[in-house]
Amino acid sequence: MRKIVINGGLPLQGEITISGAKNSVVALIPAIILADDVVTLDCVPDISDVASLVEIMELMGATVKRYDDVLEIDPRGVQNIPMPYGKINSLRASYYFYGSLLGRFGEATVGLPGGCDLGPRPIDLHLKAFEAMGATASYEGDNMKLSAKDTGLHGASIYMDTVSVGATINTMIAAVKANGRTIIENAAREPEIIDVATLLNNMGAHIRGAGTNIIIIDGVERLHGTRHQVIPDRIEAGTYISLAAAVGKGIRINNVLYEHLEGFIAKLEEMGVRMTVSEDSIFVEEQSNLKAINIKTAPYPGFATDLQQPLTPLLLRANGRGTIVDTIYEKRVNHVFELAKMDADISTTNGHILYTGGRDLRGTSVKATDLRAGAALVIAGLMAEGKTEITNIEFILRGYSDIIEKLRNLGADIRLVED
């Protein structure tokens, strides 16, 4: 079992370059199944979720080549084989294979999605959309079987009962080769949705309105190959901005799109964080006299649920008390118990996180309970005096490309250890 060991309390300086967006690429790769020629992705992050998706694509018959941050996928040999639960249960994003296999073959048998345990994340919205387009859905143990083999998928008007990034993207993927027009109302607006729509349009799809709450898709018969650059990972960027404000003596974060982080940066400015924003980078100064604030997550363009955990250690540096409420994932509080082991003044009650800043953290043994909780513990370990050991680190490696190397380059005493 591997663990991350950190000797904290060191000031960090330098530059970090943000990788391609995890939450985009995990949808882009399954979407490539719809193409009838080679698709090349640039700026692909080196994370375990990508490695798992590549393995699945190769099992299905795709030819995949990877060099540096470039991924070249030839989907012409893909066969519609069942993908049982055991092979894909580590991936929340495995549900994107539902849309792509339905779109290409008219049927799919795929294991139910896994990923981080953050509370109820039902796929009902996905199934409702597929059924509106003419598919049938049935559970077979831990697998989902979908079929539109007899009639094919057709366009439909679909209203999302709740705003859902995954369901919006999956519906787009399924609809691009459906017969007729599909309209998605109350669609999610995240940048990753625009990124997936851009890839599909570059492959020959007809999608309008991505990034708004109404998306219109006119089905086409075929999609061709293309080359596409993955957008920068706004969650990775927000994580390193939080880290820079917590322990930095001046850190520049490169390959950042400010417009994707406006809600997050507004809250940092409310705290008193000093930073300079330029065209594609953010320079975070050394901080002092930070103010405690309240955080409430919301769908984009609000404060991202994926950033409330990485921000928490910085909040613990601030003066005063505050609350954090995650309206998206009710169980996104497990990092609280681990931070408390590090002597943080933090607790949770009825889904609300209550914290008081200003107390020094101390290193100890903690466990990453999910991806973003793991990021929070890394930041806390860098802040703390003494040694911090983080176990269950596979969660962290799922979503943060080259995290050990990037932090070492800033001067961190951090290493990956085989236990």
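Including glycine, each Cβ sits where the backbone N, Cα and C put it.
Swiss-Prot has this to say about the protein:
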type	residues	note
ACT_SITE	C116	active site, proton donor
BINDING	K22, N23	phosphoenolpyruvate binding site
BINDING	R92, R121, P122, I123, D124, L125, D306, I328	UDP-N-acetyl-alpha-D-glucosamine binding site
MOD_RES	C116	2-(S-cysteinyl)pyruvic acid O-phosphothioketal
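For N23 (phosphoenolpyruvate binding site), the number of other Cβ atoms no farther than 10 Å from its own Cβ, over all displayed protein chains, is 25.
Neighbour counts of Cβ atoms within 10 Å were taken for the binding-site residues K22, R92; the minimum is at R92. Taking a C-beta cut-off of under 8 angstroms and a sequence separation of 6 or more, D306 (UDP-N-acetyl-alpha-D-glucosamine binding site) has the following same-chain neighbours: N23, I235, G238, R372. Between the CA atoms of I328 (UDP-N-acetyl-alpha-D-glucosamine binding site) and K22 (phosphoenolpyruvate binding site) there is a gap of 19 Å. In this structure, K22 (phosphoenolpyruvate binding site) is part of a helix by DSSP. Around L125 (UDP-N-acetyl-alpha-D-glucosamine binding site), the C-beta neighbours below 8 angstroms that are at least 6 residues distant in the chain are M160, D161, T162, S164, G166, A167.
Comparing the binding-site residues I123, I328 by how many other C-beta atoms lie within 10 angstroms of each C-beta, the top residue is I328. Put simply, K22 (phosphoenolpyruvate binding site) is 20 Å from I123 (UDP-N-acetyl-alpha-D-glucosamine binding site) when counted between their Cα atoms. It is 12 Å from the Cα atom of R92 (UDP-N-acetyl-alpha-D-glucosamine binding site) to that of K22 (phosphoenolpyruvate binding site). Here the Cα atom of D124 (UDP-N-acetyl-alpha-D-glucosamine binding site) is found 23 Å from that of K22 (phosphoenolpyruvate binding site).
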